[in-house]
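Below you'll find the structure, written out as structure tokens, and then a few comments.
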Amino acid sequence: MQIDTKFIYQTKLIAALQESNDEESLVAKYKHEISLEALMYMFGGGNPKVTPEDERIVEGDIVLPNITDDSNELNGRKAVKEPLLLWPLATVPYTYHYSITDDEKRVIEMAIEHWQNETCLRFKPRTMFDYYFVRFRSDRSGCWSLLGRQPIYIHYGQDISIGKGCAEFGVVTHEIGHVIGFYHEQSRSDRDIAIHINWENVEKKFTLQFEREIDINYNVGYDYTSIMQYPSWAFSKAPFEKNSVVTLDPRYQRLLAKNNGLSFRDKKIANHLYACNKNCPNRKTTECLNEGYLKPYRNDGRQCECECPPTTTGKFCETLVKENYYDAIEPLPCGGNITQEGYIETPDYPQRLWPKQSCTWIVMAPSEKVIRLTFEGFEFAPRLYLPQTKAHKKCVNETVEVRLTNKYSGSIYCGNDITEGTEMISEGPEAIIIIIADKHMIGKGLRAKIEFIKKKSKNIWDLWEKVSG
Ligand SMILES: [Zn+2]
């Protein structure tokens, strides 16, 4: 019966692929999660540190213009607070450098269309009257762009580099995000209410990549699913082994850098930033509830409708269907809080019938006890074979992180890393197991016994007291 379910799923998938016409398969080709190669350029130290024009690249993919006055480097980074760095009339003139191929143009145009559909931003081919403009080019190494409209590039144009491996929908959407004035999500001034930076796991020379910015977020909440969010291993000393960025609530770790387009909150901030609804005839009379906002005005004299968050429905977003923003985007498929001894296992163990079964278990023992995990089975997608890269022999496609000593940092496993009978013991009364599973459904999953045991005493005098009775 279980095998039938898998068969049906795969049959549906094949049928869906066969049915898709050329245009749809083109979308499927580019609209996937951002590839590992592109992520490594942006957040794995793969991008150059300076551009050929000698401008510094910070936070992985943001170019700082060479400003000749005595302003410090942060001055170039206050885009969201600095109206001069926004594009007047929400219009971004652009050109293609001769290095851009037809295929790359298709991807760029898909990303432009996405931004135009969701905001009032307009991208138009540059004319001789446009003194400020962006230039897409693919003859340089890496994926990067500048933050906002940078006045010093008047007449010259500012580059968006779509280097080798960067011509992807998600990457171009992200780089355009910088150009219209977006920082990275985790550099928001309020990031500490949502994420934790494991400074001990950040490569020393990259600690500056985690600075907080002075910004305005228009009361729009932090968003793990933002297209501007770093992946969990960004600028880590040991990428894919030690996480640098973790969500305060471990159940949402699976959502980091998995989005391939603008999230609801990305769209909302962009709409605020460019005052997209200021000409809506009903701007003062229609109130969108529960985080909703008025969609951009389309210059057609018609009233603007509410764009509702994933948690609500209704004309004015008045009906709350889910409490939590992230659960509304993607319900947690498995896992939970474990407060009693027993077993944990992945759904359908020892088979894997569904993709993306990313479970998170938070195990809590009584305060005087510690947790012993005994693995009875463990099999996931194998370690990656990608010689001469930082991802070689690492757990990239699927990860199982076990946190035994630190609430935010643990060890990462995959493949057949954990043999049957392996025991792991927590330091305190809490242990966290986070599975981030992909679509391949390789292996049988995980099954482990949970026991609450007495903490072994490390103090020699405690031992002496026990021995002497
Ligand atoms: Zn970026």
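Positions of Cβ are set from backbone N, Cα and C atoms, glycine also.
Unlike curated entries, TrEMBL annotations are predicted automatically.
Feature list (source: TrEMBL):
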- Glu175: active site (ACT_SITE)
- His174, His178, His184: Zn(2+) binding site (BINDING)
- 78-277: domain 'Peptidase M12A' (DOMAIN)
- 317-453: domain 'CUB' (DOMAIN)
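Between the C-alpha atoms of His184 (Zn(2+) binding site) and the residue listed as 'active site', the distance comes to 10 Å. When DSSP labels each residue, the domain 'CUB' (317-453) comes out as 5 helix, 55 strand, 77 coil, counted as helix, strand and coil in that order. In this structure, His178 is the one among the binding-site residues His174, His178 with the smallest number of other Cβ atoms inside 10 Å of its Cβ. The Cβ neighbour count for His184 (Zn(2+) binding site), using a 10 Å radius and every protein chain shown, is 24.
Mean pLDDT of the predicted structure over the domain 'CUB' (317-453): 93. For the recorded Zn(2+) site, residues His174, His178, His184 set the reference point as the centre of their Cβ atoms, and the other residues of that chain within 8 Å of it by Cβ are Glu59, Asp61, Ile62, Ser145, Glu175, Gly177, Phe182, Tyr183, Ile227, Met228. Within 10 Å of the C-beta atom of Glu175 (active site) sit 26 other C-beta atoms, taking all shown protein chains into account.
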